[in-house]
Amino acid sequence: MGLTYQLIPVLVCLLVCTSHFAHGHKCDITLAEIIKTLNILTTRKNSCMELPVADVFAAPKNTTEKETFCRAGIELRRIYRSHTCLNKFLGGLDRNLNSLASKTCSVNEAKTSTSTLKDLLEGLKTIMKEKYSKC
């Protein structure tokens, strides 16, 4: 029992359409999850929120969004690997940011100004909400 020659193009079209549909909504799902996590984190009263981090937003003007996300991920990793607070949320946020980030970047702590974890998370939340509105 074979497929008729008329059915094959229809099946190929359906396959292509569903892959575009699924791929297009990945952006929405990832961003929504990041924003949800950031909302949870920024409303928490926790001493870790005052920990110093490199100000990843004080990068040169030619820094891409992907590089900024990569640098933010590095700082999040540094916090949740060396402190026991908020590990579940920061680890999940790092994983999601990594899917939006460039593969390599650097944070030169000697040249970078410092901020707090709360400021980093608030800045990320603003960027992600803006990005979500354009998605």
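All residue numbers here begin at 1 and follow the chain in the order shown.
Using the three backbone atoms N, Cα and C, a Cβ is placed for every residue, glycine included.
As given in Swiss-Prot:
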- C27-C135: disulfide bond (DISULFID)
- C48-C85: disulfide bond (DISULFID)
- C70-C105: disulfide bond (DISULFID)
- N62: N-linked glycosylation site (CARBOHYD)
- 1-24: signal peptide (SIGNAL)
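Projection of Swiss-Prot feature records onto the structure.
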residue	record	CB count, 10 Å
C48	disulfide bond	18
N62	N-linked glycosylation site	6
C70	disulfide bond	22
C85	disulfide bond	15
C105	disulfide bond	19
C135	disulfide bond	14
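Comparing N62 (N-linked glycosylation site) with C105 (disulfide bond), their Cα atoms are 13 Å apart once rounded.
Straight-line distance linking the Cα atoms of C48 (disulfide bond) and C105 (disulfide bond), rounded to a whole number, equals 25 Å. Using Cα positions, the member of the disulfide-bonded residues C70, C85, C105 nearest to C135 (disulfide bond) is identified as C70. With respect to their backbone Cα atoms, C105 (disulfide bond) and C85 (disulfide bond) stand 25 Å from each other.
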